[in-house]
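K.L.:
In case it helps, TrEMBL gives these features for our protein:
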- 294-313: region 'Disordered' (REGION)
- 12-34: transmembrane segment (TRANSMEM)
- 147-172: transmembrane segment (TRANSMEM)
- 192-212: transmembrane segment (TRANSMEM)
- 219-236: transmembrane segment (TRANSMEM)
- 242-260: transmembrane segment (TRANSMEM)
């Protein structure tokens, strides 16, 4: 590795072509740095705009939703107005799939348990977005020394990633050209290519960690996994014979990431009290339901309302 770096340094310093290539590399670095810095700034502004737009839509529903939950009887106009506001909130940029499923469940069934469950999730989501907005504003308006230094360093990562990829490719050609033709085995060539693939995977994993990960529990787990994949590549310093085993270990760690997403859908996580409601109201056969309705007509009372599909389950 040290000999390869020495050859690269000599190539850049001992010829006019090397000097020109170094100058082009500096120009490329400056262009990529400025471009990435502008993209990161625009991404921060877009994130804040999405938060503000989502909170604006959420705030229109919070009041009517809480009022309907406190009332014992609600009119059809109130329900229609709430459903209209919920349909508008489906256009919120940061609407989660869990909250979207609860909204659809209430719009379909329109019962009190789903309304209470929707209200709890709604308040929790609004508070979470308000906290996220406050954190984002505080981070950009009152920058710490560490965050300011990180903003200066982060735009350089794309160029570093490209330079690393070019170095791994040059290492491949350098190693293949140095293998003796009379004493090399196919296994040596396999190890050389395995080292290249492993280094590319490590570079991509580290790039994702530094550029795209967020401070959330599930993203933190993925971040740790990406860091492990990158650290495993350091064992290439032990020798070329370990390359295939290092690549296999990285593949196992990558496949392990698919088992980390164990979040259940809203259909598998029914609202609280659903089992109690199902037990309190037993299912009736069609014959029993007709008998009850006929008795209701005979006593001049309104017929029994048909229960929702959720109650019949």
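Glycine residues also receive a Cβ, built from the backbone N, Cα and C atoms like all the rest.
Any TrEMBL annotation is an automated prediction that lacks curation.
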K.L.:
Among 147-172, 192-212, 219-236, 242-260, which stretch has the highest count of C-beta pairs below 8 Å with the transmembrane segment (12-34)?
P.N.:
147-172
K.L.:
At a C-beta cut-off of under 8 Å, are there same-chain residues at least 6 beyond the transmembrane segment (192-212) that contact it? List them, or none.
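P.N.:
Distal contacts: 154, 157-158, 161, 164-165, 168-169, 171-172, 175-176, 179, 223, 226-227, 229-230, 232-233, 236, 240, 243-244, 246-247, 250, 254.
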K.L.:
By a Cβ-Cβ criterion of under 8 Å, what residues six or more beyond either terminus of the transmembrane segment (219-236) are in contact with it?
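P.N.:
Same-chain contacts beyond the flanks: 195, 198-199, 201-203, 205-206, 208-209, 213, 242-243, 246, 249-250, 253-254, 256-257, 260.
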